[in-house]
Every structure is written in structure tokens, then in C-alpha cells.
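Chemist: The structure that follows is given in the form of C-alpha cells.
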Amino acid sequence: MLGDTFWPLFGNLGLLFCVGISYGLAKDKKTEVALVSVMCFIMFLGANHSWLEHTHGLAEKINGEYYGTGQTQLLGFVVVDMGVFLGIILGCTIAWVHNKVSAIELPGALSMYGGAKLTLVVMTPVVIFYAIAFTWIWPFMTHGISALTGFMKNAGVAGVFVYGFFEKFLIPTGLHHFVWSPFQLTQIGGTLNVDGQVVSGTQAIFLAYMRHPDLTPVMNDALRFSQQGMTTIFGLAGASLAFYHTAKPEKKAMAKAILLPAIITSMLTGITEPIEFTFLFVSPLLWVIHATLTAASQAICDIFTVRPWGASGLIEFLIYNLPLPVSLTRWPGYVLIGIGQFAVYYVIFRTLVVKLNLKTPGREDDENVKLYSKAEYRQKVAQPQSVTDDIIRGLGGKENILSVDNCFTRLRVAVRDMARVDDTQLKNTGANGVVRNRNEVQVIYGVKVGQVRSRVDNWLAEN
């Protein structure tokens, strides 16, 4: 039942990506853009099906299914099988068009077609063009994707190591999404034929096993790329313990107050940025070692054919793996490797912190460096308006803010002048770190970022 519950979501990831990307990238009228994206997606399906039918390009079913034909059936339409890439391409295009035309005011009787309606008007010929063009272009793209998939499979353990290293190493830049998402959600991660239907990406393949645990004796090799969550449960716990044990005696209580909530969040939910950013800016060397150890643990899992779903924290790990046969996922091996990872992290991090005298939490020489106690934290939470004022000042004031957005853990703000942004001020508001990327500031608040975003939006609207 659990597999059947989630399966329809993965069967319509293209639509979800289209809506999510257009909504996220649109600068205004996001709700209207989401509706436009649904309409454009369905329009593409109708147009692409019509063109295939008109050109006699509709594929014949093989054994009653479209598997292996390069086409698939979505919402009742037979179309070119683009997977989530269709949603990504349409979502980006819709957002770009909307940001260009949504502010245009049409004269006279045409004024009713302004705003988001104009986005739909402009997108109509674009959708038709895409529907025709991808009929010819996408088969060549499919060959390229298949070649990349074959390379990763043939690279063996080395390929898994490279994947694991860059998936972790690129987190500060935000580019890690471009590493894990193609493997988890597209054909690059692998494909599987389930009841005549092509299942693409590690996450969908694992979900297929939840519905059909007897597909193969051992989990499909696509799951080689889904063990990065081991570090969130075991490795970072070892690093945190090392930080606590190496903290100065008079600062152990403060170090514990910072580290304990962060590591509990990491272990349970897989959200690692609160703990990772406590040492990233202190020692880039620790970050490189962190990425290397993460990659090594994934490679070891591949060597021993340990293939549970381990992409995130403990809660997700238990929900996904416990319903399946142990012989299929071999998840106890994951736990054993994780315990070893905990020990390795502890020894290496403790040794380097002491030998290099790294200023990890609790080891700062500057007494002005503030680590908030629980009482001080509660006082700040009780004064959200004051904290919001500090955030606005840290961003250079209202006039310096162009737009505000957020992802799962970061407040993303486009600013006019990066020189006016005060990193220290922002960190004093409870941020775990600040990342600058061209004219965008990414302030890492962790899972509470949604609340922070709401307060900032309200402040900007009221002032």
C-alpha cells in the first residue's frame, strides 16, 4: 500500500517539476504561474500527441506496452518520453517568459489579457514549437543520456566515489542539486522495466521494488547512488562528538547547545547544513575530508552490494527499508558500515582539530564570538520583530533587497550591492552561515527558514 500511495507521484514527476520550477523562479504572481504551468503541460501533451499522429509517428505497443519505443502514455496522451526533463524545460521557459511579460499592460480591450494571462498567450506558440521540435530532437538526447548512464555503470566503484564526493563537496555552492537530482529522478540514474512501464531514476526504481519486492533477488544496481545519507546519521555524529570533546572546558556547555540540536536534525531528517556550516567556514580542509569520507562510505556500500534507500535521515531510512526483505536491500550492512564511519569521523576530526588548533565550536579565542545559550535563544525567539530588523539590516536595508526566496534550508536574497551585506550581522540572527553568489546572498537558517522568510516578507510589505 505504501508503494501504491507514492507511485502516482513518481508517475507524474514531469508535471510536478513543471509547476514547482515555474512557481519557484517566477518573481511575482506565483499562484497564477502555477496554474499556467499546469495548462501548458497539458497543452504540450495534446500538441505532441497530435503531431505524432499527424506524421504517423505514433509507436506501436510492444507486448501491449510502450516500453522500448521512446514514447509513453501520460494523462491519456501518447507522447515522446522525456521523463522529468519535459517538466524542467517547460517550467524554466514559463518562468522566464512570465518574468519578461507579466508587467506589460495591454491597451484598451486587450487589457484583460495582461499579467499571467499574457504569459499563457505567449507560451501557446512556444508549447506548439516544443511539441514539434522535441519529436525530432529528443531521440538524439536520449542516446546521449543512455551513453552517460552506461559510463557511470561501467565506471563501477570509482563512479560511485566521484558521484558521492561532488554531491557533498558542492553543497556550499548549491550546485549539488545538479549532481543528485539527475540520478534520483531521471534515466541517468538507471531504468527498469516494471509491468511494461519504464521506471527511471533511483528513487522511482526503489519505489517499484516496494510494490514488487520480487523483481530481482538483490536491489537494482541503480541504488548504488543512494547511500549519501549515511553521513547524516553516523559520520556527522562522530564529527560533532569530536567537536564537543575538543571544546574548551568553560565552553563545553555552549558547544553542546549548538551541536546537539544540529546533529539531531541531521540524524532524523537528513538536513545537514546546520552542523556542516559550523565547521565549513572555520576549516575548508575539514570540508574536503568530509566530502571524501562521504564518497568512500558510498563506495564501500557498492563493493559489498549494500543497496538500501539511504539518501537522507533515519526517519526516511526506516520508512523505506523496513517493509522490504533484508536480503533485497541488505540494510544491516549499511548500519555496520555507518558505525565504522562514525568512528573514523571521530578519530580524524578530533586529531585534526587538536593538531591544527582549529577554531571549531567551543575553541574560539575571541570572546566576542557569540554562541547563544538556550535562554538567549528563547529570548530571541520571543522577539521575532527585533530579529527580523537585524536580518534586514544585515542584508543592507530594504532598498538593497531586490527579491526574497527560499529553498529547504536557505533564505535566498537578490541584492543591489553585495558590499552592503553584513555576514556577521546575519549570523547573529541565528544563521549557520552565509554564502555569496554573484548578486545573491544565501543565508543558511536550516528547517526554520520558512518562518524567517514569512517574517521578512511581512516586514518588507509593512515598511
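Every residue, even glycine, has its Cβ placed from backbone N, Cα and C.
Predicted automatically and left uncurated, TrEMBL annotations should be read as such.
From TrEMBL, for reference:
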- CYS407: active site, phosphocysteine intermediate (ACT_SITE)
- 1-365: domain 'PTS EIIC type-1' (DOMAIN)
- 385-463: domain 'PTS EIIB type-1' (DOMAIN)
- 6-26: transmembrane segment (TRANSMEM)
- 33-52: transmembrane segment (TRANSMEM)
- 72-97: transmembrane segment (TRANSMEM)
- 118-138: transmembrane segment (TRANSMEM)
- 144-166: transmembrane segment (TRANSMEM)
- 253-271: transmembrane segment (TRANSMEM)
- 334-353: transmembrane segment (TRANSMEM)
Chemist: For the domain 'PTS EIIB type-1' (385-463), DSSP counts of helix, strand and coil?
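Modeler: Reading the DSSP string over the domain 'PTS EIIB type-1' (385-463) gives 38 helix, 22 strand, 19 coil.
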Chemist: So how many other Cβ atoms are close to CYS407 (active site, phosphocysteine intermediate), meaning within 10 Å of its Cβ?
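Modeler: A count of 13.
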Chemist: Under a criterion of three or more Cβ pairs within a distance under 8 Å and sequence separation of at least 6, are the transmembrane segment (118-138) and the transmembrane segment (33-52) in contact?
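Modeler: They do touch: at least three Cβ pairs between the two stretches lie under 8 Å.
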Chemist: Which whole number is the mean pLDDT over the domain 'PTS EIIB type-1' (385-463)?
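Modeler: Mean pLDDT, the domain 'PTS EIIB type-1' (385-463): 86.
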